[in-house]
Structure formats: structure tokens, C-alpha cells
Amino acid sequence: MTSNTLIEAKELSVRYGDFIAVDRLSLAIAQGELYALLGTNGAGKTSTLETLQGHRGPSSGRVAVFGADPRDIKKVRPRTGIMLQESGFAPTLKVAETVQLFGDLSGRIDDARRVVDVAGLSDKANVRVSQLSGGEKRKLDFATAIFGNPELIFLDEPTVGLDIGARDQLWAAINEIRDQGCTIVLTTHYLEEAEQYANRIGLMHHGKIQMEGCFSDLASSFPAKIHFEAAAEKAAIPFPVEAEGPYAWAISTENAERDVFELQSWARQQGIGIHGLSVRRANLDDIFRTLSH
Amino acid sequence: MFTIAKYEGIQLLRDPLVLLMSTLIPLAACGFIYWSLGSANIALAAVFVPFFMGSFVIYGSSVTTLAARRQNLFLKRLRCTSESSAGIVIGLILTFILLAAAETIGMITVFSILQTPPSNFFLFIVAVTLVLALYVGFGLATAGVTKSPDSAQVTTLPVALGVMGVAFWVAVSGTETLTLLKLALPGGAAAELLLGAWQGTQWQEAAIPLIVTVAWTAIAFVASKFFFKWEPRR
């Protein structure tokens with residue numbers, strides 16, 4: 001573990017009876033990093049996260065957060081904020097009261113009103129939790145996690161249920177705390193969020209991290225795609241193409257420049273017009289699909 | 001723990017009907033029992049009070065509250081904080097424990113003024129404390145097997161009625177017959193302890209019911225560690 005490694009897992013395994021949810025997983029997350037832990041359904045993300053958060057112990061292997069066992073809540077939790085994917089609140093408490101309650105339990109000091117403002121709930125501070133919408137409850141979840149500016153935050157699907165404007169607002173707040181040096185572990189099914197914001201991405205499948213790295217490194221190891229429209233039959237096109245719609249095609253390519261040139265040459269020879277020609281590097285959707293298959 | 005208890009108290013205050021029922025009904029029931037039994041049976045009434053408060057104020061409310069907090073994932077939320085597991089659980093039910101203790105002390109004080117105080121006062125306090133603790137332990141254990149606040153109406157019946165039934169049986173019929181059975185059943189030894197303390201039993205004579213009551217309280221808490229669940233079953 002290097003001096004700025006905040007989270008380290010070595011050969012971590014989590015077993016439920018005979019079922020292996022996490023299989024000798026190793027990762028290291030540095031201080032100040034935004035690490036996106038992504039994976040297919042049933043990949044073992046939840047079990048991994050729960051172990052990193054200290055809700056359960058490993059079946060084998062080692063986990064350390066701030067150099068300590070994450071189950072040592074007195075050492076670790078005052079420095080950690082957790083935003084769960086699903087969790088509940090006391091319905092008759094007000095928003096500001098709820099933030100204060102969880103703030104008091106966090107072991108950190110802050111102003112509940114400030115946190116409510118950062119989370120975008122200023123006009124709901126005196127409203128009972130039972131009267132909040134689903135998206136507002138997610139914001140409240142976020143507020144309770146960031147109370148007292150923890151050094152480490154787990155964000156589990158933070159923008160689920162939020163409209164576009166609220167998502168942008170939340171990400172602005174996340175980026176602000178990240179700029180202050182907070183380390184963030186993110187899970188999300190909005191892959192574009194991981195592409196856009198994560199320093200590094202870990203892709204889990206069948207209990208292991210199958211791929212890890214920054215998005216550009218991951219994408220460069222996958223073929224790019226050439227997209228175009230042409231009034232031609234699939235068999236007539238001299239490339240292995242995927243149909244994306246009526247006369248809309250995509251070609252996977254390791255050498256986009258060469259393949260675009262050849263495509264245009266073929267189209268000129270055949271007298272076929274090419275429209276909407278674009279080249280896109282692989283995105284997380286593509287990487288995910290490859291991983292799942 | 002006290003932070004959680006404070007906010008549970010705030011929630012209780014925001015539901016005046018629940019607060020009223022939690023306070024008035026147990027007091028009214030104890031008053032009715034005292035009136036029904038008559039002043040000659042003050043010791044029996046004194047046995048009834050902690051069992052009634054423990055059963056309905058602590059046990060029933062704890063099971064319902066913990067099941068509700070688990071079902072709506074509030075428990076899961078609390079487990080992400082720096083608070084210990086014990087602190088979370090006790091914090092959630094502390095309001096009911098304090099309410100039951102206050103009502104018990106209030107009723108016994110009234111009985112003492114109307115009649116006479118317990119002859120072995122400190123033994124009586126220990127016995128009352130053990131009875132209330134017994135119901136806390138049973139409450140935590142039952143909450144573990146109670147899926148929802150609705151099903152709490154059913155899951156609480158065996159302990160709520162059974163333990164109080166045993167206590168009354170022992171208090172009314174004594175322990176000269178079926179001694180081992182009466183002392184071994186949950187609530188039996190505690191009732192014998194309360195009755196004896198009110199009537200002047202000395203510590204040495206109370207040793208066996210005291211030990212059995214402590215054992216049942218310990219069993220209840222061990223069972224709660226075994227059965228308690230923090231999240232709804234998937």
C-alpha cells in the first residue's frame with residue numbers, strides 16, 4: 001500500500017455458502033481519485049462495496065480503508081460518507097432535521113443548512129421527508145453523505161431518479177467536493193457519467209475486475225466504430241457491418257482512417273451516396289457488451 | 001444512541017394519538033387492575049404493573065418500531081454512520097424504555113402512597129429493572145423474526161400474552177405447587193421476585209428467582225443477537 005492509497009483490497013473473496021460473489025479481487029484507490037466500480041448485474045459490485053464500507057467482512061483476503069479494517073467503524077466512519085442506492089428516512093422528520101441527525105451520527109461537524117443548500121434542497125429544509133419526491137430523497141441521501149466534508153465518499157447510483165437538470169446540479173456538487181480532495185467511489189448504470197467524470201474505471205464480471213484503467217485506455221483497446229447511411233444491401237457492402245436501422249450501418253475498425261478511405265472509394269465506384277459519416281471510439285456501452293458476452 | 005433517541009422522541013411527539021395511547025392506556029389499565037383487585041391485593045397489582053408496561057409499552061412498541069425501521073431501510077441507513085450496532089438499536093427504543101420506566105415508577109409511587117411501599121425496596125427496584133430488561137431482550141429477538149409492522153400484531157402474541165400469563169399464574173397461585181415449572185417458565189421467577197420483594201423477602205431467600213430471572217434476561221439478549229436482522233430478507 002503506497003502512502004496515498006486510501007482503499008486497498010488484496011485477493012478479496014466474498015462467499016455466501018458455495019456461491020462466490022467476489023473472487024480474489026484486488027484493487028487500490030488513491031487519495032483524491034474518483035473511481036467508478038461498474039459491472040454487469042450480479043457481478044459482485046454490491047458485495048464488494050459492502051465489504052469496503054465495513055458492513056461485512058471478507059471470506060478471505062484483505063481489505064483496508066485508511067489503513068484500517070473498514071469494520072472498525074470508530075476509526076473509519078468519521079472519515080467516510082456513504083450514499084446508498086436504496087435507503088430510508090424517518091418520514092415525519094424534516095429535511096434539515098434529517099441532515100442534522102445523520103450529521104450528528106457521522107462524528108463530523110458541519111452546518112446542516114449549508115449542506116442542505118449544497119444538495120439543492122434549500123426550499124425544502126422545513127418540509128417533512130414524507131412529502132419529498134423520489135429525486136428529492138436522493139438529494140437528501142447525498143446531503144447526509146457529504147455532511148462534514150468526509151475524506152472518502154461512496155456514491156451508489158447517486159443520480160437515479162433525478163431529471164437532467166438535477167443530475168447536472170448534483171454532479172456540479174460532486175465535482176466541487178472532489179476538487180477539495182475528496183476520494184470518491186462511484187457505482188452507476190449511467191455509463192456516460194463514469195466516462196465523463198471517473199479518473200479510473202473498474203469493470204467487474206463474475207466476481208472479478210476484468211478490466212481497469214482510465215476510460216481512454218480502456219476505449220483504445222477496443223475497436224472504434226464508423227457510422228454511416230447508405231442505400232445499399234448488407235451483402236453488397238465490402239465490410240462486416242451491423243445494421244443500426246433502415247440503411248444505417250456501423251463498422252468496427254482498428255484503423256479508422258484506412259477503412260473510411262476504402263468505404264468512400266467503394267461508394268464512389270458504386271455510385272452510392274454516403275451520408276452521416278462519423279467515427280466514434282468505443283464507449284463503455286461497447287465495452288460492457290463485450291464483457292457480458 | 002441518545003441522538004437517535006432524541007429524534008425518535010421528536011417523531012413520537014409528532015404523533016399525538018400514539019403518544020396518548022402509549023401513556024394513558026397502560027396507566028388506565030394498571031389503575032383498573034388496582035381497583036379490581038382491591039387494596040388487600042396491592043402486591044398482586046404491583047406485580048402486574050411492570051409486566052404490563054414491559055409487555056405493551058416496551059415489547060410491543062419495540063417490535064413494531066424496529067420492524068418498521070427495517071422495512072423502510074432506515075436501519076440500513078443508520079448502519080452507515082459511526083454509531084455502534086447496540087447504540088442504534090437501543091437508541092431506537094430508548095423512548096419506550098424510558099416511558100415504561102416512568103409509568104412504572106409513577107404507578108408504584110401511587111400504590112406506595114395509597115397503601116405501603118415495597119418492604120424490600122431495593123430488591124423490588126432490581127426486580128422491576130430485570131422485568132423491563134427482559135422485555136427489551138424479547139423485543140429485539142422478536143423484531144428479528146418480524147417481517148413488517150403489520151406482522152408484529154401476530155409475532156408479539158406469544159411473548160406478550162404468554163409471559164404475562166405465567167406471571168399472573170405465579171402471582172395468584174404461588175410457587176408451593178409446581179415450583180420448578182413455575183420458576184422455570186419465562187416471567188414466573190420474575191413474578192415471584194416482585195411479589196416477594198413487595199412482601200419483604202430477603203435477598204438470600206430471593207436468590208433462586210433472582211438467578212432464574214437474570215438467566216432469562218440473558219437468554220433473551222443472546223437470542224436477539226442470533227435473530228436480529230438489519231435488512232429485510234431478499
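Quick reminder: no glycine exception, Cβ is built from N, Cα and C everywhere.
Keep in mind that TrEMBL annotations are predicted by a computer and have not been checked by a curator.
Fair warning: this is a prediction, and the values are worked out from it, not measured in the lab.
As recorded in TrEMBL:
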- B:2-159: domain 'ABC-2 type transporter transmembrane' (DOMAIN)
- B:12-36: transmembrane segment (TRANSMEM)
- B:42-67: transmembrane segment (TRANSMEM)
- B:88-114: transmembrane segment (TRANSMEM)
- B:120-142: transmembrane segment (TRANSMEM)
- B:154-172: transmembrane segment (TRANSMEM)
- B:206-228: transmembrane segment (TRANSMEM)
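At the 8 Å Cβ cutoff, the transmembrane segment (B:154-172) and the transmembrane segment (B:88-114) share fewer than 3 close pairs (sequence separation 6 or more) and do not count as touching. Only residues 6 or more beyond the boundaries of the transmembrane segment (B:42-67), in the same chain, are considered here, and those with a CB under 8 A from a CB of the stretch are 8, 22, 25-26, 29-30, 33-34, 75, 89, 92-93, 96-97, 99-101, 103-104, 107-108, 111, 114-116, 118, 124, 127-128, 131-132, 134-136, 138-140, 142-143, 146-149, 151-152, 155-156, 159-160, 163-164, 167-168, 171-172, 187, 190-191, 194-195, 198-199. Same-chain residues lying 6+ beyond the ends of the transmembrane segment (B:12-36) with a Cβ under 8 Å from its Cβ atoms: 42, 45, 48-49, 52-53, 56-57, 61, 95-96, 99-100, 103, 106-107, 111, 114.
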